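Visitor: Here it is: the structure, laid out below.
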Amino acid sequence: MNRETIINLLIALGLIAVPLWAIWADEPFIITLATKVAILALAGVGLNIALGLGGLVSFGHAAFFGIGGYAMGILASHAQNYTPMMEWPLLIEGTKSMPVIWLVAVLASALAALLIGVLSLRTSGVYFIMITLAFGQMLYYFAISWPAYGGEDGLSIYVRNGFPGLNTLDPAQFLALCYAVLFVVLFLSSRLAKSAFGLALSGARQNEDRLRTVGIEPFRLRLVAFVISGAVTGLAGALYADLNRFVSPTMFSWHMSGEIMVFVILGGVARLFGPVAGAALFIVMEHLLGGISEYWQVFLGLTLLGVVLFARGGLIGTLAGRKVTHD
Amino acid sequence: MSALLLIEQILNGLQSGVMLFLMAAGLTLVFGVMGLINLAHGSLYMVGAFAAAGAAAATGSFVVALVAALAAAAAAGALIEMLVIRRLYERDHLDQVLATFALILILSEGTRWLFGSFPLYLDVPDWLSGSVTLPGGIQYPLYRLAIIVVGLAVAAGLFGLISRTRLGIRIRAGEADREMIAALGVDISKLYTMVFALGAALAGLAGALVGAIQSVQVGMGEPVLILAFVVIVIGGIGSIKGAFIGALLVGLTETLGGVLLPQLFGLFMDPSAATTVGASLASMAIYILMAVVLIWRPSGLFGVRA
Amino acid sequence: MKMTKLAALAAATMLAGMPAAWAEGVKVGMITTLSGGGAGLGIDARDGFMLAVKLAGRDDLDVVIEDDQRKPEIAVQLADKMIQSEKVDVLTGIIWSNLAMAVVPAAVAQGKFYLSVNAAPSALAGKGCNPNYFSVSYQNDNLHEAAGAYLAKAGFKKPFILAPNYPAGKDSLTGMKRFYTGELAGEVYTKLGQTDYAAEIAQIRASGADSVFFFLPGGMGISFMKQYADSGVNLPVVGPAFSFDQGILGAVGQAALGVKNTSQWSKDIDNAANKAFVDGFQAEYGRLPSLYAAQGFDTANLLISAMNKADVKDADAFRAALKEADFPSVRGKFSFASNNHPIQDIYVREVVMEGDVITNKIVDTAMTDHANAYVDACKM
């Protein structure tokens, strides 16, 4: 076992130990925080597929996060108000069932990622960063000024959606559900990285021309990676909306894109558990610093700066050492 | 809509475009020469506005306020470059994004710590207040006219600086080939500090000029930052000319879109729905413009490298 | 005179500083905006609230304060924390309507009381009203309605109206038009967060309007007023208090002089409670209080009045005590309508220069004993 695997195991153990302790010590808010970590980590895992594996620096992943959130909000609000979403040509009703909502969130954000990806992947480098940012902002302003689903006020869902066999209103059960989703996606993502597709994608990041000479078109690879990445982040958005029982356009804001990116970089780009470590560190800092000073964001900024300047490769990179790259 | 009103709106678009150019010029220079994405550029705009408001409150002179804005933003820029940015040139864009994202947090909340949580006062000086009558009978605020003039003058100066002076030659050389100019004995780290401070000073000037007719408050730089990014991406990153054209395009689209789109929809929708749909579309207009430009020319209008 | 007030304040401070952990009192969770561009409003509301707690010298009132960063998701998470970990009885503090929409329904559904220091969206006043939710400030439409009523009463025939393109902006223009039913010179929705209003001002100039009504909270209003004053369009301006409040007037400067704005509070309302509040606030914080501070102050006093009558653990009795609104409001008359929103007078203030300070003074009353348009829609 190499060092990174050990660190990953420790993080996974910590993720499970902290909420167990919280249940024992009757600290329900710690469970909520742990849930938030798991969901935001999931969003980061999504971004990491594009960013770490594909080298696609997307500054607009809030678009997919928000679409996932609104998939939940729109479906659940129709179910809550007993109004069908569409009556003609076929009747579509809202739903309060998580699996259905997840499916819709994943499909909707994958579709959006396909459209955005087809257009954005024609560019590269800084242009790619900026055009993804532009698409995110476009959706942000659309969500604010679109009156049907609350506009800037957003949508409140009074009761958390249901999952067969679970009581999702119980914080511990909802946490367990989010963990399960996170670990399944982490497992799939590690398989993806080792698959032929993942290796080719990695190759496209490192040397595009070499890939072309063996007859693989990098554009298609990247597009598929971008779609998968968007879909995972969209799923995280649906869960985040369920955690808060609320969606609003701030899920689309460029700050959200920035934060998801921060989770990935803070933990370590292209590291399997990078987003998990990053999200956990960020949430813990936000929680602890927020209690210290009104100007806590100064200290948050200083910490982030320290990590970039002096802890290259993020948390996991620093602890596990340089990744051995096989060329 | 009358022709006069349209001309006035075009002037307004021009004015906001010229101010955007001041922001975008620094951003595009820093990217062109050092290859750095600076998200904290908007914070330097805010520093300029706050310095101007502070100086104006202390001395009552608008000219002193502008000088203070230039000096404070340039100093802040130089300091940030030497302490932080310098370590980021060799890093990938990702690290640069995170580090400058952190700088935004520090500068915004740091400014609030220093100046308090309430917006500051900065006003147009008496000798520039009021409006003038332009040929054709258009009443237009003198200050906005002055901003257009100052902006165009700075743009001309910048073109002159880049194409005619020694510093300009070095900057262009730096854009073309970094190793080479270091080998020729140019002190590259000093050059970088100067370019960064120059960009910061331009942003600070824009902040002070705009601050007099807008609200001087924490976070004022962020919306402008996003617009400036849109500008340089449309114009082609690294190109001053591109930044200029891009800034005017964005300024005009934003201003005219907000006015014309609701009226356009009013032709075939009922008025209240038209205002809503038109206003919604107008707020997305510049991003649509940017997407269209990038799809058509993936490295911007005047981009040299992709 | 001043010294005795200070001494009283100091004594109150000491009392309030005593450990409250043992007291069987009320625990309040305050979620408000303390960082970022909108922090001024939250800070004022918090300071007003805490001043009332101090002046009352209550050691059985424990307040936990958290910063929502003006993000609805953060506000929801803080509400969860307050309810789950801090076990608060009462929540308060939210400034923005979109944050209130995110927090209030869930909080009252869990049996907590929510007292609003500012935000009071229409959705929570009508169909979504709740016996545990009280707005101490107003109903969001109120100040706009009063501005409409004033425009009609003052004989304006053709106002030009504008607001940002978001729900509160639409509520604003709807509210204004509810009491001004005449002709409009134009109706414009601007982009949320817009800072340049040259285009709109040009439209106003070309529209043949005889007055301007606008609702542009925060920095948007500062920008608009500065640009408007410099544009040479000299039409009278009327608006809700938000863009002419004490925290903002300093930044608008002389551009605001002469503007009429509608507010349910002003620092020159003549009653003992208001005098004590204005003097106490200046002594404590060294600045003039704002509307938000006044609303925070009234909210705390309403809470304290209910604590004097009932135990918070007896929810029905506490709710009834809150509904009586038996506290000395800085606004003078104050009572709750059946949907738990205030019935109050709304004044017209004019922005004036007092010495070298720009501030407001009351010049007229726009509406007397005004409730809100949603009373009938609320079934509880």
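Every residue gets a Cβ built from N, Cα and C, even glycine.
Owing to the predicted nature of the structure, the values given are computational and were not obtained by experimental measurement.
According to TrEMBL:
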TRANSMEM  A:7-24  transmembrane segment
TRANSMEM  A:30-50  transmembrane segment
TRANSMEM  A:62-80  transmembrane segment
TRANSMEM  A:100-119  transmembrane segment
TRANSMEM  A:126-149  transmembrane segment
TRANSMEM  A:169-188  transmembrane segment
TRANSMEM  A:219-240  transmembrane segment
TRANSMEM  A:260-284  transmembrane segment
TRANSMEM  A:296-320  transmembrane segment
Visitor: With a Cβ cut-off under 8 Å, give me the same-chain residues at least six positions beyond the ends of the transmembrane segment (A:62-80) that come close to it.
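Guide: Tertiary neighbours of the transmembrane segment (A:62-80) are 43, 46, 93-96, 100-101, 104-106, 108-109, 112-113, 116, 132, 135-136, 139-140, 143, 149, 154-155, 157-159, 161, 229-231, 233-242, 246-247, 249, 251-257, 260.
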Visitor: Which one of these stretches, A:100-119, A:126-149, A:169-188, A:219-240, A:260-284, has the most C-beta pairs shorter than 8 Å to the transmembrane segment (A:7-24)?
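Guide: Ranked by Cβ pairs under 8 Å, first place goes to A:260-284.
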Visitor: With Cβ distances under 8 Å as the criterion, find the stretch in A:30-50, A:100-119, A:126-149, A:219-240, A:260-284 that has the most pairs with the transmembrane segment (A:169-188).
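Guide: Comparing A:30-50, A:100-119, A:126-149, A:219-240, A:260-284 against the transmembrane segment (A:169-188), the winner is A:30-50.
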Visitor: Taking a Cβ cut-off under 8 Å, which residues six or more beyond the ends of the transmembrane segment (A:100-119) line up next to it in the same chain?
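Guide: Distant contacts of the transmembrane segment (A:100-119): 60, 63-64, 67-68, 71-72, 75-76, 131-132, 135, 161, 222-223, 226-231, 233-235, 237-238, 242.
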